[in-house]
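**Q** Here it is: the structure, laid out below.
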């Protein structure tokens, strides 16, 4: 069966159905990737690797192994999707992640788990491919904020379900001893059950994507059965393709056979060769690289937050009566231990964080984007982002009766900045791309850069946490993230956005009107 299907979509209308299907395929992935967060630290401690103080570092290695492999292959998958289509690469990424989950579930030592995560990352280029598909589905600029908020919205739903699955079903013998007795499969492999649940969701998304999702690559749109008024561009073949069942290549009964039609075909072939000589675009232009650097910085400190959150919450709490004097409380560097919460509590807190993110994405982002505009909102949330990492260590000094309200306040602040920033960066990347012909490569480059930062962030943050824990200063890791966020607040002013944009035509992304009215590629205006 072909991976493409006939489309009758009106390019001027918002592609709600296809974006919904793409969201379903996308949903299983954040569930699978975030389900490990609540139990990664506990998994490492169960394996008795090194000292307990080093568990956060090894947990960072486990989580980052996926991103390491993904970073090495992201641009390859983006380029391959430019050649073979978006849909096959997308589905292959889901298959790779599914087998990765099963391998991690059966892992009995750290290196098997790391290998399983790495295999999933090697086969997964979905971040860049999905961004490309959204860019190809949405051709009108006024639809961009709404469209580009859908995938982060879906990611937020995944971050509700994923940690809830990981926190609830990890080590089921301890949580549900009657259903999973001692000596059973899930007692011997305590982290298999959440991985099997996530693998099943991935399998369902693969089936739905295969049968219902359309190919979005402009050069691979089906030509048969398209309406007569279908928009034609330079990518539209001039010669009809042969189909022995529907339309023969040659009709010998045609009275014009062998006369002018043959000459017309020859002329059309010459015209086609001229069109195929497309201009080359520089994907490493200043304009593109400025946005990718901004995305990379954000990805790094955002990933450190996601990694540190469960560790900080699950780490043993030091009783305030034993160690919190007035001078120590006033010191920004005295911050012993964590909050001492249970694994199940952490899973539910992370699920609530997903609900908060969902609200920010669905309600706050559209309002803020409409009021302030894409660029001004981007500058605002980037400049204020370091606040998130300053307030997190203060939770250590909150009385226990107020701890949960304080936690949720911190999560609201964090999600306000991070959830708003990501879709803004996606919009800016699309606008900086000079042509749809290199959109897959640009998004692949952005995905590789982001994956490289996700690879580095967990072990670095884990190492800083381990060092800080020995010094009674677990805030050290949070302050390290704050320092990177400050760099991002300075760098964001290097991202430029032209006020006027040419919105005509399929291939007009990243093109802007010059002073004399001619259209110039964004790579050249940078």
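Cβ from N, Cα, C; glycine included.
Here the structure is a predicted model, which means the values were calculated and not measured.
Pasting the relevant annotations from TrEMBL:
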- 18-500: domain 'Major facilitator superfamily (MFS) profile' (DOMAIN)
- 503-526: region 'Disordered' (REGION)
- 20-44: transmembrane segment (TRANSMEM)
- 56-77: transmembrane segment (TRANSMEM)
- 89-112: transmembrane segment (TRANSMEM)
- 150-169: transmembrane segment (TRANSMEM)
- 189-213: transmembrane segment (TRANSMEM)
- 288-313: transmembrane segment (TRANSMEM)
- 341-365: transmembrane segment (TRANSMEM)
- 377-398: transmembrane segment (TRANSMEM)
- 404-429: transmembrane segment (TRANSMEM)
- 441-464: transmembrane segment (TRANSMEM)
- 476-493: transmembrane segment (TRANSMEM)
**Q** Mean pLDDT, the domain 'Major facilitator superfamily (MFS) profile' (18-500)?
**A** 80
**Q** So, do the transmembrane segment (20-44) and the transmembrane segment (189-213) meet, by the test of 3 or more Cβ pairs under 8 Å (sequence gap 6 or more)?
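**A** Counting Cβ pairs under 8 Å, at least 3, so yes.
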**Q** Please check if the transmembrane segment (288-313) comes into contact with the transmembrane segment (56-77), where contact means 3 or more CB pairs closer than 8 Å and the residues in each pair are separated by 6 or more positions.
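**A** Contact confirmed: at least 3 Cβ pairs fall under 8 Å.
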**Q** So which residues does the transmembrane segment (89-112) touch in its own chain, when a touch means Cβ under 8 Å and the partner is 6 or more beyond its ends?
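**A** Same-chain residues near the transmembrane segment (89-112) but 6 or more away: 3, 25, 28-29, 32-33, 36, 44, 47, 49, 58, 61-62, 66, 77, 80-81, 119-126, 129-130, 133, 189, 191-196, 198-199, 202-203, 205-206, 209-210, 213.
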**Q** Taking residues 6+ outside the transmembrane segment (189-213), which of them lie with a CB under 8 Å of any CB in it?
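**A** Answer is 1, 3, 18, 21-22, 24-29, 31-32, 35, 39, 43, 46, 87, 90-91, 94-95, 97-99, 101-102, 104-108, 162, 165-166, 168-174, 180.
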**Q** With CB pairs under 8 Å as the measure, which of the listed stretches 56-77, 150-169, 341-365, 404-429 comes out on top against the transmembrane segment (441-464)?
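**A** So the stretch in question is 56-77.
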